[in-house]
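Taken from Swiss-Prot as is:
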type: BINDING; residues: K22, N23; note: phosphoenolpyruvate binding site
type: BINDING; residues: R92, R121, P122, V123, D124, Q125, D307, I329; note: UDP-N-acetyl-alpha-D-glucosamine binding site
type: ACT_SITE; residues: C116; note: active site, proton donor
type: MOD_RES; residues: C116; note: 2-(S-cysteinyl)pyruvic acid O-phosphothioketal
Amino acid sequence: MDQFLITGSSRIAGEVTISGAKNAALPLLAAMILAETPTTLHNVPSLQDVRTLIELIGGMGIKIQKQGDTVTCDTKSIDNFYAPYDLVKTMRASILVLGPLLARFGEAEVSLPGGCAIGSRPVDQHLKAFEAMGASITVENGYVIAQAPKGGKLLGCKFSFDMVTVGGTENVIMAAALAKGTTVLGNCALEPEVVDLANMLVAMGAKISGIGTATMTIEGVERLHGCEYSVVPDRIETGSYLAGALMTHGDVLTKNTSALLLTPVLEKFEDMGAIITTGDDWIRAQMKGRPKAVDIRTQPHPGFPTDMQAQVMAIACLADGTSTFIENIFENRYMHVPELNRLGASIQVDGHTAVVKGVECFTAAPVMATDLRASMSLVMAAATAEGESLIDRIYHIDRGYEHVEDKLRALGVNIERINSND
């Protein structure tokens, strides 16, 4: 199993090119199943989750291949509508094939998902919506077995999600695109990745209004065609590398990104004392002193994203003063706290609240990554610590950060990937 060996006390500075967003690429890949003609997707990151979903789609007999950052897909040869546990167990986004399969082919058998262990994140909202569209849903032996109503077409309906759900919104708008009639969805997620998916569906011939709002109206069409589309830049990767500048009196320029995707995070960075400058496709963060304490409350978009909570907490560990974090999205999303404390942080957790008392510096220690975003907070913390830190279970970081060692080295981090079996 791979580990990172990081020799700390680095100043994080330099330029880094941001990849396509994993959280956008995965639903876009699933949406390719809806198209009757070939689809080409650009700016697709080379990540384990992406490779897993491509393998899953290919296992259905679909011709799908990746060259560089481009994926092409032709669904003409599909011969089954099955998503096996062996693949789905590693990645929650696999459930996103359910809507496209059900809408286009009238049936699907998809294993219940896996992925990061940061709360239950149930798929019940997906299933309730499909049932409202006339589907028959049963769960047997860990698999969701879905069947469209008589005639093979889902039926448009009016449905409001009980809670804001990104995956649920994505799954249902894909299904509604080919449903018979009009679907009105309420309490939709507003995340940029949802907007990106809706825009691609429109490019494929879907009729969707209200994109980027809490209520979307989807008028079902008979068929969707392929298109050529590019994945939106990864706002979380952007924020993660900019965070390194705030921790180390650094200066980081992120390219191929958009400040419009990261407004709530950039505002908090400025509150912490960073100098933020932006252009059409770049963001620069400069830090000249010690970070200031800040209060963070995670919220659905356009609020502060839960996927940046761990990275900003790592900054707050070095801040002058006491910061308070309230996690409103997922339970169990403070699993990085004991590991940051091992590196010398002073954090106490009570339920959904974490209180962070700033310390002068981190100290090197062996730590263990617990989930995708937590792993990046540990990498950045270790990069600032005096001495050598060993980070275990880094397969988590490989799920969400493309070419992470190369990008970190370009920013001055002394990092080496080693195999613990060596």
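Glycine is no exception: its Cβ is also placed from the backbone N, Cα and C atoms.
What you see is a predicted model, and the numbers here were worked out from it, not measured in a lab.
Overlay of Swiss-Prot feature records on the structure.
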residue	record	Cβ within 10 Å
K22	phosphoenolpyruvate binding site	24
N23	phosphoenolpyruvate binding site	24
R92	UDP-N-acetyl-alpha-D-glucosamine binding site	18
V123	UDP-N-acetyl-alpha-D-glucosamine binding site	20
D124	UDP-N-acetyl-alpha-D-glucosamine binding site	12
Q125	UDP-N-acetyl-alpha-D-glucosamine binding site	20
D307	UDP-N-acetyl-alpha-D-glucosamine binding site	23
I329	UDP-N-acetyl-alpha-D-glucosamine binding site	20
Query raised in the report: Looking only at DSSP and grouping its letters into three states, which state does V123 (UDP-N-acetyl-alpha-D-glucosamine binding site) belong to?
Result: coil
Report summary line: D307 (UDP-N-acetyl-alpha-D-glucosamine binding site) -> DSSP, reduced to three states, gives helix
Query raised in the report: Hey, how far is I329 (UDP-N-acetyl-alpha-D-glucosamine binding site) from N23 (phosphoenolpyruvate binding site), Cα to Cα, in Å?
Result: 16
Query raised in the report: Just checking: which of R92, V123, D124, D307 have a Cα that is within 10 Å of the Cα of N23 (phosphoenolpyruvate binding site), counting only these binding-site residues?
Result: none
Requested in this report: Measuring Cα to Cα, tell me the gap between Q125 (UDP-N-acetyl-alpha-D-glucosamine binding site) and K22 (phosphoenolpyruvate binding site) in whole angstrom.
Outcome: 22
